[in-house]
Structure formats: C-alpha cells, structure tokens
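If you check Swiss-Prot, you get these features:
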REGION    4-184  region 'Large ATPase domain (RuvB-L)'
BINDING   I23, R24, G65, K68, T69, T70, E131, D132, Y133, R174, Y184, R221  ATP binding site
BINDING   T69  Mg(2+) binding site
REGION    185-255  region 'Small ATPAse domain (RuvB-S)'
REGION    258-335  region 'Head domain (RuvB-H)'
BINDING   R294, R313, R318  DNA binding site
Amino acid sequence: MIEADRIISSNAQLGDEYIDRAIRPKLLTDYVGQPQVREQMGIFIQAAKLRQDALDHLLIFGPPGLGKTTLANIVANEMGVNIRTTSGPVLEKAGDLAAMLTNLEPHDVLFIDEIHRLSPAIEEVLYPAMEDYQLDIMIGEGPAARSIKLDLPPFTLIGATTRAGSLTSPLRDRFGIVQRLEFYSVEDLTSIVARSAGCLNLEMSDGASHEIARRSRGTPRIANRLLRRVRDFADVKNAGIISEDIAKSALSMLDIDQAGFDYLDRKLLSAVIERFDGGPVGLDNLAAAIGEERDTIEDVLEPYLIQQGFLQRTPRGRIATSRTYRHFGLDKLTE
C-alpha cells in the first residue's frame, strides 16, 4: 500500500487544500489544542507588537498534519503582516531565495516548509539574512567576482519540519523561538471536528464528532479528512444529521478501527506478533515481512504506534506490547 493513498495518512493529499482554506483557524483564539504553544506564542507576538519589532525567527517541528502551516499563518495574521510561502526542495538556487527575501516588506513572514531539505548553498545565504538582515550576493565570476551586501527589512523566518534532528546546528541555533507540536487529545480533536463541521454547514451530533476524533490518530489533518468522507457517506445515505451511528458505519466502511488503525497498521502489528513471536524484530526484517520501505515504517507508521503504546523500539528491535495483544484479542506469549 502506498502511504499517499491511505485515508489516515498524515501527509497532505489532493483535496485537503480546499477544505483547509475553509476551516483553517485564522487567529490564536480559534486555535484548538497545543495550550503551551498557544500561550507562549500569544506572549511573544504581543511583546513584538508592543516593541514594533519583527517577531523572532520561529522553528516549528513535529509529526505531519499537526498544524505547522496553520500556526505560521496565524502568526502572520496576529502580527498583521504578509506571509510568503515556499519549501526547502523548491529553493534550488541562491537566487530563488534572494528574490523572495528582497521582496519582503518590514516585519513580513517568510515561511519555509520542509526546511530540513534546504541545500547547504541556500543555508549559507540564510545565515546573514537571519542574523543581520543582510544579503550577501556574488557579482561576476572567477577572479573578477566580488561580494556586495544588500540590507533587508526586518522579517520573521518561520521554518517547519518533521525532522528537527536533520537541521544543521548553525541553522537551528539561529531560531529564537522553537515550538514542538504534539499529537492532539481526543477531546481537542472532538472540538476541532465540531468546529470544522460548523464551518462546512454540517449538522453533526456530539457522538459523531467524538467517534471521528478518536479514530484520527491524534492528527487534525486526518480528522478533517475523515469528516469529509463521513459527509460523503451521509449524503449518499440521505442522512440529514450526521449521527454517531452514521459516523461508525462510514468509518467501518473505510476499514478504520476504533484505535484509528487501517490495514497497514494491523499488518505491521500482526507481523510482529505472528511471524516474530512478538519480537524483538529488526527493522529490515519487518520491512521485508510486510513489503514496505523501512523509511515508511520508521517515519510514518511507528511514531503513532509507539506514542500510543502499541509498539516498543529497543536496541534489539521492535516489540509488540501487551496493549497490542489486547487490541487483537490475543493472549501474550510467555516463555
């Protein structure tokens, strides 16, 4: 199974952008969850506005789908400035970045998604821009080449990444604010689903919102995507109000169980239990057993399973926990 095809993939998919624009919170007061991040950013933004300064450069990291782009847009809205958006892989040449930087107005936000994928050449351009609001440009080639400095307006760089550890130390150290986004609680996701349903003019019971939330793997992007699919199901079934029963039927049709697992999650956990006696099993063996790339297991499947206590990552390999056996209705093997 390809990760991009999974309904519960936390990566962005076609069709997500339209609904995101309709339901994305614009201000911190609309932002549900991440209470510590919300409180801290409120203080930092208010302080910057009182001083009439640009906000410090901000690094946002965490698993996909938790709202890094949303938070970047909220920061720009709260500061009352424009936001220019790009991503690490798109910035191939120093000139690409220079063009964006020189078009910024004072205090504007430059948002770079997947900032861990910037090339070393682009990072070298960023260092003086972030630190001194200056841009070093080479004019000419060979012995006649010379460097000139351009002054930039004070701006805020917001970088987003799922792999903070992949950032180079010089780049990471230049961010004055670092925020980690955590998986959301079922309660917060229930509020997010209810809010999204309201933005889409859907009538939905509290039970339906909760049912979608608890199968969303702690991820708002997945919750909103499941809401769209439940809406489709309700439309075809001529359900005026999306009830808890309608939500359960729709999610069962999508093969998403009560823990938010789909076929691929269950395949991985079943392989650990049935083929490797609960583990420990090495990553390469596990990847071969389920026919998936090791990166897919390590970056996509494991984080949520480990966070929820269904899988343990040890020096000897992956181990299924007691919770996994209970989920499948099995007795844990004992030696």
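For all residues, glycine too, the Cβ spot is worked out from N, Cα and C.
Swiss-Prot feature annotations superimposed on the structure.
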residue: I23; record: ATP binding site; Cβ contacts under 8 Å, 6 or more apart: R195, S196, C199, L200, N224
residue: T69; record: ATP binding site; Cβ contacts under 8 Å, 6 or more apart: T85, F111, D113, A160
residue: E131; record: ATP binding site; Cβ contacts under 8 Å, 6 or more apart: R174
residue: Y133; record: ATP binding site; Cβ contacts under 8 Å, 6 or more apart: D151, L152, P153, P154, F155
residue: Y184; record: ATP binding site; Cβ contacts under 8 Å, 6 or more apart: G33, Q34, L66, I192, G218, T219, P220
residue: R294; record: DNA binding site; Cβ contacts under 8 Å, 6 or more apart: L283, D284, A287
residue: R313; record: DNA binding site; Cβ contacts under 8 Å, 6 or more apart: E302, I306
residue: R318; record: DNA binding site; Cβ contacts under 8 Å, 6 or more apart: V272, G279, P280, V281, G282, L283, L286, E302, L311, Q312
Legend entry - Three-state secondary structure, which DSSP defines for R294 (DNA binding site): helix
Legend entry - Secondary structure composition of the region 'Small ATPAse domain (RuvB-S)' (185-255) [DSSP: H/G/I, E/B, coil]: 50 helix, 2 strand, 19 coil
Inset, instruction - For G65 (ATP binding site), list the number of other Cβ atoms lying within 10 Å of its Cβ atom. - result: 27
Legend entry - Cβ-based neighbourhood (8 Å from the centroid) of the DNA site, residues R294, R313, R318 excluded: V281, G282, L283, L286, I297, E298, E302, L311, G317
Legend entry - Secondary structure at Y133 (ATP binding site), reduced by DSSP to three states: coil
Inset, instruction - Please state whether DSSP places R313 (DNA binding site) in a helix, a strand or coil. - result: strand
Legend entry - Mean of the pLDDT scores, which run from 0 to 100, over the region 'Large ATPase domain (RuvB-L)' (4-184): 88
Inset, instruction - Let me know the DSSP-derived helix, strand or coil state of Y184 (ATP binding site), please. - result: coil
